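The block underneath contains the structure these notes are about, expressed in structure tokens.
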Amino acid sequence: MEKGTRQRNNTAKNHPDRGSDTSPEAEASSGGGGVALKKEIGLVSACGIIVGNIIGSGIFVSPKGVLENAGSVGLALIVWIVTGVITAVGALCYAELGVTIPKSGGDYSYVKDIFGGLAGFLRLWIAVLVIYPTNQAVIALTFSNYVLQPLFPTCFPPESGLRLLAAICLLLLTWVNCSSVRWATRVQDIFTAGKLLALALIIIMGVVQICKGEFFWLEPKNAFENFQEPDIGLVALAFLQGSFAYGGWNFLNYVTEELVDPYKNLPRAIFISIPLVTFVYVFANIAYVTAMSPQELLASNAVAVTFGEKLLGVMAWIMPISVALSTFGGVNGSLFTSSRLFFAGAREGHLPSVLAMIHVKRCTPIPALLFTCLSTLLMLVTSDMYTLINYVGFINYLFYGVTVAGQIVLRWKKPDIPRPIKISLLFPIIYLLFWAFLLIFSLWSEPVVCGIGLAIMLTGVPVYFLGVYWQHKPKCFNDFIESLTLVSQKMCVVVYPQEGDSGTEETIDDVEEQHKPIFQPTPVKDPDSEEQP
């Protein structure tokens, strides 16, 4: 894992005679081919990516986790509302960062540019090992659970069946994403519309219930009746469970370079999508408690299916199908965006360089998509979905906070750089206070879960110094990596994107500064600066 520009050029240097050959293999060897990621994501598709990634499985799974930890219906609803508001605050911070640093890769790119290569690599490392494979595995398992649950009305579906169907879902959507960016965005648009219709049905049924007088658990004296002893650590875990349901609000930042007019469409999509999702989530949870008691909700393995069975009668089959389609679209959106994160990391030299390549005709990052799919399939061996959600929530909030803190650092160190959007510093401060609350009490309540997440993240430190920072690797190792890259290129028919078309061109100064943070007490000379011509 060497620096991106050197990886892109070494093949062409070794095979200069292939420059005039136009075959896919020759294009792969030359590292060019004139292909680039296309700007095909407009405002509607951008909103579809945000909404589609947020509304995956969380609203259909996490209500159980939120209620269980909150201890009462009223407090659970407050958790949903506050989490939505904090998500909107975080999205405002990311909107400013997204137009200030207009690069794909999202918070990875922001952390790397502000705090340096090691910090950025740790964000990428934990994303590769835990966050995004876990997120996709949870959504895929939820998809299979909602598909199979009607076939097993008196018991839970078998674990082997759940995992097999989840794997089939992942493989199918990986093929779609590898085939065409347009296909992937169309699938996302269609399934986002479908999941909004499913949630609209839930909300409408809830309104009908309220009109009938079925709002026992919404009355204040009943809503705040605790069914367990209040515990501030468990309340923090309730916020983590809720944050999983809002997870994906920052995914559009991963595909900034494929956005049409990102300076306008990135903030517009955020401003439209986050309030919409918050509204839908709060009223969907209100609808749930009009038909189910807290005990019934906690006993259900598929909350939306139980809700449909109680209110739809013979038409109850609509709900599991709607939820399955919703989570299917969630897997598609997560594959689409997380593969761009790995693509961006490889382009910076933080992952194997083959992951920074795209297909010569389809212009899709096939190696990054295959890598994403494989890592998610490996994650499917983990059985406890709610433990996975806790891992994702804690580690995500850790890096969300670091990224938002970077916004303050960037304001201080680079006050004069262009900022098409400039929000009040009160917003990042509010977000960081909430972030600190979650982390402190999560560590107190679940030290083992949080400690495992931190330990996995710290394993990236030696990997960074051996794989990225160490430039003088043995020649046999470099030759092996280059041979493996060439074989992968020919198998996938992929090349490096043409520089300049996506706004990612690098200068010598960019390369020299690659591992240097904007915020550093004293300048440190990059080892590669001596190798620059």
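Yeah, the Cβs are placed from backbone N, Cα and C, and that goes for glycine too.
Here the structure is a predicted model, which means the values were calculated and not measured.
Quick look at what Swiss-Prot lists:
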BINDING   ASN135, ASN396  L-tryptophan binding site
COMPBIAS  502-512  compositional bias 'Acidic residues'
REGION    1-33  region 'Disordered'
REGION    500-533  region 'Disordered'
SITE      ASN135  site 'Important for substrate specificity'
SITE      GLY247  site 'Important for substrate specificity'
TOPO_DOM  1-45  topological domain 'Cytoplasmic'
TOPO_DOM  97-117  topological domain 'Cytoplasmic'
TOPO_DOM  254-266  topological domain 'Cytoplasmic'
TOPO_DOM  340-365  topological domain 'Cytoplasmic'
TOPO_DOM  410-424  topological domain 'Cytoplasmic'
TOPO_DOM  468-533  topological domain 'Cytoplasmic'
TRANSMEM  46-66  transmembrane segment
TRANSMEM  75-96  transmembrane segment
TRANSMEM  118-150  transmembrane segment
TRANSMEM  159-179  transmembrane segment
TRANSMEM  183-211  transmembrane segment
TRANSMEM  232-253  transmembrane segment
TRANSMEM  267-288  transmembrane segment
TRANSMEM  314-339  transmembrane segment
TRANSMEM  366-383  transmembrane segment
TRANSMEM  388-409  transmembrane segment
TRANSMEM  425-447  transmembrane segment
TRANSMEM  448-467  transmembrane segment
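In summary, the transmembrane segment (366-383) does not lie against the transmembrane segment (425-447): fewer than three C-beta pairs, each 6 or more positions apart in sequence, are under 8 Å. Calculated from their C-alpha atoms, the gap between ASN135 (L-tryptophan binding site) and GLY247 (site 'Important for substrate specificity') amounts to 9 Å.
Within the same chain, the transmembrane segment (267-288) packs against the transmembrane segment (75-96): three or more Cβ pairs sit under 8 Å, each pair at least 6 residues apart. Between the transmembrane segment (118-150) and the transmembrane segment (448-467) there are at least 3 Cβ pairs closer than 8 Å, counting only pairs 6 or more residues apart in sequence, which means the two stretches are in contact. Calculated from their C-alpha atoms, the gap between ASN396 (L-tryptophan binding site) and GLY247 (site 'Important for substrate specificity') amounts to 9 Å.
Scored by C-beta pairs under 8 angstroms, the transmembrane segment (159-179) has its highest count with 314-339, from the stretches 75-96, 232-253, 314-339, 448-467. Residues of the same chain lying 6 or more positions beyond the ends of the topological domain 'Cytoplasmic' (97-117) and with a Cβ under 8 Å from any Cβ of it are 37, 123-124, 127, 250-258, 262-263, 266-267, 340-341, 343-345, 348, 350, 399-400, 402-403, 406-407, 409-410, 417-421, 464, 468-469, 502-504, 514-520. Remote same-chain residues near the transmembrane segment (314-339) are listed as 48-49, 52-53, 55-57, 60, 127, 132, 135-136, 139-140, 142-143, 146-147, 149-150, 169-170, 173-174, 176-177, 184-185, 187-188, 190-192, 194-195, 197-199, 201-202, 248, 251-252, 254-255, 302, 304-305, 307-308, 365, 368-369, 371-373 (criterion: CB distance under 8 Å, separation of at least six residues from the stretch ends).
A sphere of 10 angstroms centred on the C-beta of ASN135 (L-tryptophan binding site) encloses 30 other C-beta atoms. Of the listed recorded positions, namely GLY247, ASN396, the sparsest Cβ surroundings within 10 Å are found at ASN396. Residues in the topological domain 'Cytoplasmic' (254-266) partition by DSSP class (helix H, G, I; strand E, B; coil) as 10 helix, 1 strand, 2 coil. Here the topological domain 'Cytoplasmic' (340-365) has, by DSSP, the following mix of helix, strand and coil residues: 12 helix, 2 strand, 12 coil. If one looks beyond the topological domain 'Cytoplasmic' (254-266) by at least 6 residues along the same chain, the residues whose Cβ comes under 8 Å of a Cβ in the stretch are 37-43, 46, 49, 95, 98-99, 102-106, 181, 336-338, 340-341, 344, 420, 502-504. Only residues 6 or more beyond the boundaries of the topological domain 'Cytoplasmic' (410-424), in the same chain, are considered here, and those with a CB under 8 A from a CB of the stretch are 92-93, 95-97, 99-100, 114, 263, 267, 518-519.
In the three-state DSSP scheme, ASN396 (L-tryptophan binding site) is classed as helix.
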